[in-house]
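K.L.:
Below is a structure I'd like to ask you about.
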Amino acid sequence: MDPEQNDTKPPFNPICATRQAPYSHEILENLDITGILLFAILTFMTLVSLLVFLEEAYYMYRKIPNPKNSIIIWINAGAMMIATTSCFGMWIPRSTMFTDFTASVFLAVLIHKFQLMLVNECGGRREFLSTFGDTKLKISTGPFCCCCLCLPHKDINRKTLFILKLGTFQFAFLRPVLMFLAVVLWTNGTYMIGNSSAEKATIWINIGVGITTITALWAVGIMFNLVKDNLKEKNIIGKFAVYQFTVILSQLQTSIINILGTTGVISCVPPLPGPSRASYMNQQLLIMEMFLVTVICRVLYRRRYDDKNLLENQETNDNLRNSMMHLNGKALEDGPQSV
């Protein structure tokens, strides 16, 4: 009776036990027509995102002066880089740690640059301090202290602005450092995705990443609540919504799907074990989502500057024309005298 029952059970695949990501050729060999079409469409969407960003970066570089153009280019690069790294991770599953490291670096810089853009759109640091110098800063905002309504309001001065900038700069610095440490420990087997035991470094690195992330988001939230009424005509609410959308999808969505993969909710389907299949699904979702974010960013940031640049170019041409007329008139007056 027992041998017959054993014959009816499906054979156990060792891939599900090792939980090791497959090589790229193993993925490609197991693709059906639907999988091939999906790979082609997602790769095409990634290429379109890259081309849209390059065109937008060229436009910003030519039309907008420094340092505003570099800040906006960095912000627009975030979604494109997440889509690109996700595409590489989809094609090469074993590169997930390295693609996640690259995406996290760009995300950290994106959050810091977005806060700098809020100050820059107010006219710079001096204009920002003169505009909001008499305003009290509300620090009981999400995601860190939204429930602590009893927190006092702070005066806005150079020290306050420096602390807010430090809140995002620490994330731009520490997040790449922590992810680099995770990659190094992963090669040694000390860092394992989904392993929450205290003996492994995974849980401690994840706690550090979580603290730095929440602190940076808190600083940006405080700054946004302060300037949003003054920057409504500059589409700042839409830009902030897209920024939040990018952060939530690249962080919260990824964490939830990875937890589902490590707990077995997303099951093993050879050649992909559970955690690798979860990363595989998340990468495909991120490509589609970041494609939409790239297109929306182009609309928001491009439309904002078209009319302004047109007026600036007209003013520059008028000033140049007036200067040339003045120089020509002066030359005609001075010519006979010099002779």
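If you go along the chain as it appears here, the first residue is 1 and each next one adds 1.
Every residue, even glycine, has its Cβ placed from backbone N, Cα and C.
In case it's useful when we look at the structure, here is the feature table from Swiss-Prot:
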{"type": "CARBOHYD", "residues": "ASN6", "note": "N-linked glycosylation site"}
{"type": "CARBOHYD", "residues": "ASN188", "note": "N-linked glycosylation site"}
{"type": "CARBOHYD", "residues": "ASN195", "note": "N-linked glycosylation site"}
{"type": "TOPO_DOM", "residues": "1-32", "note": "topological domain 'Extracellular'"}
{"type": "TOPO_DOM", "residues": "54-70", "note": "topological domain 'Cytoplasmic'"}
{"type": "TOPO_DOM", "residues": "92-97", "note": "topological domain 'Extracellular'"}
{"type": "TOPO_DOM", "residues": "119-165", "note": "topological domain 'Cytoplasmic'"}
{"type": "TOPO_DOM", "residues": "187-202", "note": "topological domain 'Extracellular'"}
{"type": "TOPO_DOM", "residues": "224-254", "note": "topological domain 'Cytoplasmic'"}
{"type": "TOPO_DOM", "residues": "276-283", "note": "topological domain 'Extracellular'"}
{"type": "TOPO_DOM", "residues": "302-339", "note": "topological domain 'Cytoplasmic'"}
{"type": "TRANSMEM", "residues": "33-53", "note": "transmembrane segment"}
{"type": "TRANSMEM", "residues": "71-91", "note": "transmembrane segment"}
{"type": "TRANSMEM", "residues": "98-118", "note": "transmembrane segment"}
{"type": "TRANSMEM", "residues": "166-186", "note": "transmembrane segment"}
{"type": "TRANSMEM", "residues": "203-223", "note": "transmembrane segment"}
{"type": "TRANSMEM", "residues": "255-275", "note": "transmembrane segment"}
{"type": "TRANSMEM", "residues": "284-301", "note": "transmembrane segment"}
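Tell me about the setting of these features in this model.
P.N.:
In the three-state DSSP classification, ASN188 (N-linked glycosylation site) falls within coil. Other C-beta atoms found within 10 angstroms of the C-beta of ASN188 (N-linked glycosylation site) number 8, with every protein chain shown included.
Remark: secondary structure over the topological domain 'Cytoplasmic' (54-70) totals 13 helix, 0 strand, 4 coil, with classes taken from DSSP.
Sequence-distant neighbours of the topological domain 'Extracellular' (92-97) (same chain, 6+ residues past either end, Cβ-Cβ under 8 Å): 21-24, 27, 182-183, 186, 193, 272, 276, 279-280, 283.
When pLDDT values are averaged over the topological domain 'Cytoplasmic' (224-254), the model yields 88.
Counting only same-chain residues 6+ beyond the ends of the transmembrane segment (33-53), those with a CB under 8 A from a CB of the stretch are 76-77, 79-80, 83-84, 86-87, 90-91, 284, 287-288, 290-291, 294-295, 298.
Within the same chain, residues 97-98, 100-101, 104-105, 107-109, 111-112, 115, 192-193, 201-202, 205, 208-209, 212-213, 215-216, 218-220 sit at least 6 positions outside the transmembrane segment (166-186) and bring their C-beta atoms closer than 8 Å to a C-beta of that stretch.
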K.L.:
Can you name the far-off residues of the same chain, 6+ from the ends of the topological domain 'Cytoplasmic' (224-254), with a Cβ under 8 Å from a Cβ of it?
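P.N.:
Apart from its flanks, the topological domain 'Cytoplasmic' (224-254) reaches 75, 78-79, 82, 103, 107, 110-111, 114, 118, 121-122, 128, 131-132, 135, 137-138, 141, 156, 213, 217, 282, 285-286, 289-290, 293, 296-297, 300-301, 303-304.
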K.L.:
Determine which residues of the chain contact the topological domain 'Extracellular' (276-283) at the Cβ level, with the cut-off under 8 Å and only residues 6 or more beyond its ends counted.
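P.N.:
Distant Cβ neighbours of the topological domain 'Extracellular' (276-283) are 19-22, 86-87, 89-90, 93, 96, 253-254, 257-258, 260-262, 266-269.
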